[in-house]
Amino acid sequence: MNPYVLTILLSSLGLGTVLTFASSHWLLAWMGLEINTLAIIPIMAQQHHPRAIEATTKYFLTQATAAAMILFASTTNAWLMGEWEIHQLSHPLATTTVMLALALKLGLAPVHFWLPEVLQGLELTTGLILSTWQKLAPFALMIQVAPTINSSLLVAIGLLSTLVGGWGGLNQTQLRKILAYSSIAHLGWMVLILQFAPSLTLLSLSLYIIMTSSAFLTLKTNNALTINTLATSWTKSPTLAALAALVLLSLGGLPPLSGFMPKWLILQELTKQGLPLSATLTAMTALLSLYFYLRLCYALTLTIYPNTLTATAPWRLNFTMITLPLSIITILALGLLPLTPAVTAMLAL
């Protein structure tokens, strides 16, 4: 893609998100979401591959549907209650419709079916943008409208997302689909705690972005798209393979890695709020996710090449990729747990 065109598209992507962040009026927020969607469509379709075009079409249709639902809900609220402000969303029909529309935009269960299929058709860099940056604008809106949404609906969507995210990833061999289901499960944790402690949702989102970025950049560096290809990574870069296994365990939420922090604090907060059953169910569904992370770790670090793999061994060419971002993000994805007391003190302010 022409660098000038790419610069314009990435700038528009940033503009759309910032516009949604800064807006207090529903029409302005909707405009930011539309700019965001229209800016990423050419980036997704730049491969000129049938799978990429199919993924782009699916993404466009789901995002357009969600945007139309948001516009309908905000117009309904303005018609019935006379308010266009995001904070003044008060009619039950409008709040429920907005919640479902934002769930569709993010890929939360039960409207998650598009996310694994879309992510599977994209290259890893575009998939990284879709899994991280594209979550920010809908989450900003969700945090603003969360106080007016029925808490039972939020808890139900959160629990269902963690269950679907863990269950759906069990039988997958494609790494992009596994990361899509991982995304659904993590978003479920965030939505679950959204009404009780929004600061924990932001903490969880930040760490999710760090860990997912590290996972995507590792796969891109190893040029791995399936579990079979992942098994050849150890011979190419043993250090990166070992760190990648730790990043996957961090995504699973094992101590003493960074991913344990948000899960620990969320379960603690749910118990404080008198929801021990929800906390127990969520912790149990985390075990499902942990299983497929361990499966990837096994393929990555405990499978010795050569073996009976269908994947071909890649050529050992001179390495020219910039690895500084990967190094920084991997360190953050592994070593932030000791900062938990400082984080909890900041959240208490």
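Heads up, the Cβ atoms here are built off N, Cα and C, so glycines get one too.
Please treat TrEMBL annotations as automatic predictions, because they have not gone through curation.
Annotation comment: TrEMBL describes 23-288 as domain 'NADH:quinone oxidoreductase/Mrp antiporter transmembrane'. Annotated domain 'NADH dehydrogenase subunit 2 C-terminal' per TrEMBL: 290-343, in sequence order. Taken from TrEMBL, the feature transmembrane segment applies to 60-81, 93-116, 136-166, 178-196, 202-219, 240-261, 281-305, 317-339.
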Checklist entry - Where, among 60-81, 93-116, 202-219, do we find the most CB pairs under 8 A to the transmembrane segment (136-166)? => result 93-116
Checklist outcome for this item: Mean pLDDT across the domain 'NADH dehydrogenase subunit 2 C-terminal' (290-343) comes out at 78
Item to check | Stretch in 60-81, 93-116, 202-219 most in contact with the transmembrane segment (178-196), if contact is a CB pair under 8 A | outcome: 93-116
Item to check | Range from 60-81, 93-116, 240-261 with the greatest count of C-beta pairs under 8 A to the transmembrane segment (202-219) | outcome: 240-261
Checklist outcome for this item: Within the same chain, the residues 6 or more beyond the ends of the transmembrane segment (93-116) and with Cβ under 8 Å of it are 33, 58-59, 62-63, 65-67, 69-70, 72-74, 76-77, 80-81, 135, 138-139, 141-142, 145, 148-150, 153-154, 157, 160-161, 163-165, 168, 176-177, 180-181, 183-184, 187-188, 191
Checklist outcome for this item: Long-range CB partners for the transmembrane segment (60-81) (under 8 A, at least six residues beyond its ends), listed in sequence order, are 26-27, 29-30, 33-34, 37, 41, 88-91, 93-95, 97-98, 100-102, 104-105, 114, 118, 141
